[in-house]
Amino acid sequence: MITGKDIYNVVAGIVPLYVAMFLGYGSVRWWNILTPEQCSGVNRFVSMFAAPFLAFQFIMANNPYEMNLKFLAGDTLQKVLVMVALYIWNLTRFGNLDTSIIIYALFALPNTLVMGIPLLEAMYGKFSTSLMTQIVVLQSVIWNTVLLILLEYRAGKILIQEKFPDNAAAISTVTVDPEVESLGGEMLQADADTGYDGRLRVDVRRSPSISSSNSSTYKSCNNLPSSASSRASSHREINSFHSARETPLRNPSFGGSSSPHIINLQNSLSNGAMLEEDLRRPKRWWWGGSSKNNSRISSIYYTNDIVGSSNVVDVPHQSASSRDEHDELNEIKENSRYSHNGSRKKMENIEKNGENKKKQMPSASVMTKLIIVMVYRKLAWNPNTWASFVGIAWSLIQYRFHLKMPSIIEGSITIVSNTGLGMAMFSLGLFMALQPNIIACGKKWAAISLGVRFLGAPAVIAATSAPIGIRGDLLRVEIIQASLPQGIMPFVFAKEYNLYPDIFSTAVIFGMVVALPVTIVYYVLLGLFN
């Protein structure tokens, strides 16, 4: 039976964390002690040093040879069950990848390290600390990585469908420049080369800065008039600043990056499919460099009015005797002259028809290789990843060979990690103070996020833990850790990948406000059952 003293011990164990969070919130919102730039420095310290050292200290102290496999199985089954249900839902016409990622993150990634360890220790004693550390290990190594895989897949899918909506299935390889750390949150461009087998080799890199040399390059390489070259520079600038990293375009043209594509029109005339594909899209043509007898056309420049990408078609000089090709060029010219409103109407029809067609994607092997490369790069630069793997490696060594860490190293780790808990909560207060609204996503999604976090997650983990024989305090710890407030890592990823960060912001902020009373209610209710 839970007594008043038990509840007091829980409150006494968790309130100091709220004090640190309150000081961080007041430092920005009420007292104006810290500016947003200074808050960024504090958050940087927490993410690069305090939190990784804190995680390392807990993980290295955990004996990996005495892990509670039954407890971990209950937690793992909860995540797997949620992922299977979301996968099946995505196979239906109601399925949505974005919503699935949000629901997964709300279910699977609570604030275990900062809130879970001190809270559960105050409730059930020291034995829960080891259990929470084991959850932290799985969360850092497996479940955060799963979220990152889903986000990189989403970002890669958006990039490919944006740049190659009609040719994605023909992509054989995707090479990403070493400077690109992630497919989300960066302004990228994708260029494609066609091999002898007709397959596309895509090269992804950061969009270069716009310079005045672009227009001169167009003019010198393609014999464009000055008016056409200025339009080329303008369209490159528009395309660069609206590269769909924020809002993906519905029907971008092939090669929708800022780089122009040079196409030989003679080859295009012999390739009816390519020419027909070009003519299906609304374009504005710029004709220049004609000879005196009007029988020669030096170059044609056209811009795609809807998508904002630029393309250059290089047309060789034609002799006066080449009547057939000249007539064909004139026909192309006449067919391409229609009003801007007419082009918009045609594009709307294309979009309407395209919505009923399944989006093309590269083969599974191409996407798998792309995701593995990008997730590896992302994890390689994450200090929490290194802290987790180094902590696991050292714990395996020290408990296997009964070694003790040198005191000079242990003291250095301890003095930094001791700042981790307080600074993490202080940083969370800064985060809350910098948000314009506590409920930024609207009441509907706020209710969904809190319902999933505080009702759905505990209910599912109870359903997966009880059948495998988890009972007593072990089951109580399992349920309460599932009802912890939302971790801040999903918000960081959501903001970087532009996946509804307002939903995660609300889940973090409002979740922290109601976390203490909610967990105490669970603590009391679970204490009624022996």
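Quick reminder: no glycine exception, Cβ is built from N, Cα and C everywhere.
Annotated transmembrane segment per TrEMBL: 6-25, 45-65, 71-89, 101-119, 131-151, 379-401, 413-434, 446-468, 503-529, in sequence order. According to TrEMBL, the feature compositional bias 'Low complexity' maps to 207-232. Residues or ranges marked as region 'Disordered' in TrEMBL: 207-258, 316-359. Feature annotation from TrEMBL assigns compositional bias 'Basic and acidic residues' to 234-248, 322-337, 345-358.
Residues 17-18, 20-29, 34, 36, 39, 42-43, 45-46, 49-51, 53-57, 113-114, 118, 488, 508-509, 512 of the same chain sit 6 or more residues outside the transmembrane segment (413-434) yet have a Cβ under 8 Å from a Cβ within it. For the transmembrane segment (101-119), same-chain residues at least 6 beyond its ends with a Cβ under 8 Å from one of its own Cβ atoms are 10, 13-14, 17, 51, 54-55, 58, 78-79, 82-83, 86, 129, 132-133, 135-136, 139, 143-144, 146-147, 150-151, 154, 421, 424-425, 428, 449, 452-453, 456-457, 460, 480-490, 493-494, 499-500, 503-504, 507, 515, 519. Listed stretches 6-25, 131-151, 446-468 were compared with the transmembrane segment (379-401); the greatest number of C-beta pairs under 8 angstroms is found for 131-151. Between the transmembrane segment (71-89) and the listed ranges 6-25, 45-65, 131-151, 446-468, the one holding the most Cβ pairs under 8 Å is 446-468. When each of the listed stretches 6-25, 131-151, 446-468 is scored by C-beta pairs under 8 angstroms to the transmembrane segment (45-65), 131-151 comes out highest.
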